[in-house]
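Chemist: When I checked Swiss-Prot for this same protein, it listed these features:
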ACT_SITE  TYR140  active site, proton acceptor
ACT_SITE  LYS178  active site, proton acceptor
BINDING   10-11, 31-32, LYS38, LYS53, 75-79, ASN92, LYS144, VAL170, LYS178  NADP(+) binding site
BINDING   ASN169, SER180, HIS187, PHE201, GLU202, GLY203, SER204, ARG209, TYR272  substrate binding site
MOD_RES   LYS267  N6-acetyllysine
Amino acid sequence: MIIVTGGAGFIGSNIVKALNDKGITDILVVDNLKDGTKFVNLVDLDIADYMDKEDFLIQIMAGEEFGDVEAIFHEGACSSTTEWDGKYMMDNNYQYSKELLHYCLEREIPFLYASSAATYGGRTSDFIESREYEKPLNVYGYSKFLFDEYVRQILPEANSQIVGFRYFNVYGPREGHKGSMASVAFHLNTQLNKGESPKLFEGSENFKRDFVYVGDVADVNLWFLENGVSGIFNLGTGRAESFQAVADATLAYHKKGQIEYIPFPDKLKGRYQAFTQADLTNLRAAGYDKPFKTVAEGVMEYMAWLNRDA
């Protein structure tokens, strides 16, 4: 069995899909379906069982067994960069992750987990997986950074695989439940389909991010499980492309629309990553050599998926 925490969420459900594509269906999905809309991410996927996150954590802390577990993909976390409840964030992201990590170490179960590019904070260059480059801007980034630091202490003595992925700006299918935290491509598509003008912040040609397609993210996760490599790795494309490029690709698919530029909100000033670009040196050195989709390629594929029933 493979366990996917956050398996009804964005990246988790895409990992489930990637496993299904390889014929793997003996999957336990762990999630919190208090947000009932997330179930739609699983309706076209095949899993063996579902468990609520709280019940799962109780069983993990009690040392209960789940049968023959081949790996745990730990994607379950609070991923809102605008959540400032530090106790909630540390319980949900840091303590929960530590419990799972030790459960896996004791049983030598491969543990593959979601870190984040938010660990780098407001950098504009040198997004390198090393302590001197890490200075998170928000409590979400701090919770991810602290767990990475914890893992670094354990890695040298670990007898089983531990791998963390610093996801950059992931977009693609199955993110609709994320609301305001969904990608720009998702929001632009929604606005266009409502007959509204698609909106970007003023200066969007200067805001550049490493936008990585979720299908590529799932592929990297599965490659690492198959190859047993440990460590903490950036997971982006290695390219910085502008929000304007995302909008251009969206409009190219729809063949209509005119961008409306809106003022940059005061509440995000100083807390907003204006530039991200993954340094892929370590990922490539680990042996992962597949290409990543460009914004033009990924957004076109995503638009086709979003509008598949149109």
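Cβ coordinates are placed from backbone N, Cα and C, and glycine is handled just like the others.
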Chemist: Between PHE10 (NADP(+) binding site) and GLU202 (substrate binding site), what is the CA-CA distance rounded to a whole number of Å?
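Modeler: One finds 28 Å between the Cα atoms of these residues.
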Chemist: Between PHE10, TYR140, TYR272, which of the recorded positions has its C-beta surrounded by the fewest other C-beta atoms within 10 Å?
Modeler: TYR272
Chemist: Taking GLU75, GLU202 as the binding-site residues to compare, which has the smallest set of other Cβ atoms within 10 Å?
Modeler: GLU202
Chemist: Count the other Cβ atoms sitting within 10 Å of the Cβ of LYS144 (NADP(+) binding site), across every protein chain shown.
Modeler: 28
Chemist: Please identify, from the recorded positions LYS178, HIS187, LYS267, the residue with the sparsest Cβ neighbourhood, meaning fewest other Cβ atoms within 10 angstroms.
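Modeler: Comparing Cβ neighbours within 10 Å for the recorded positions LYS178, HIS187, LYS267, LYS267 has the fewest.
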Chemist: Far apart in sequence but close in space: which same-chain residues, 6 or more away, have a Cβ under 8 Å from ALA77 (NADP(+) binding site)?
Modeler: GLY6, ASN92, ASN93, TYR96, SER97, ALA114, SER143, LYS144
Chemist: Same-chain residues six or more away whose CB lies under 8 A from the CB of ASP31 (NADP(+) binding site)?
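Modeler: Sequence-distant Cβ neighbours: THR5, GLY6, GLY7, ALA8, GLY9, GLY12, LYS38, TYR50, ASP52, LYS53, GLY76.
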Chemist: List the Cα distance (Å, whole number) between LYS178 (active site, proton acceptor) and GLU202 (substrate binding site).
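Modeler: The separation of the Cα atoms works out to 23 Å.
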Chemist: How far is it from LYS267 (N6-acetyllysine) to ASN169 (substrate binding site), counting Cα to Cα, in Å?
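Modeler: That separation, Cα to Cα, works out to 20 Å.
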Chemist: Using a 10 Å radius around its CB, how many other CB atoms surround LYS38 (NADP(+) binding site)?
Modeler: 22
Chemist: Measuring Cα to Cα, how far is HIS187 (substrate binding site) from TYR140 (active site, proton acceptor) in Å?
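Modeler: That comes out at 22 Å between the alpha carbons.
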Chemist: Measuring Cα to Cα, how far is GLU75 (NADP(+) binding site) from TYR272 (substrate binding site) in Å?
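Modeler: Cα-Cα distance, GLU75 (NADP(+) binding site) to TYR272 (substrate binding site): 23 Å.
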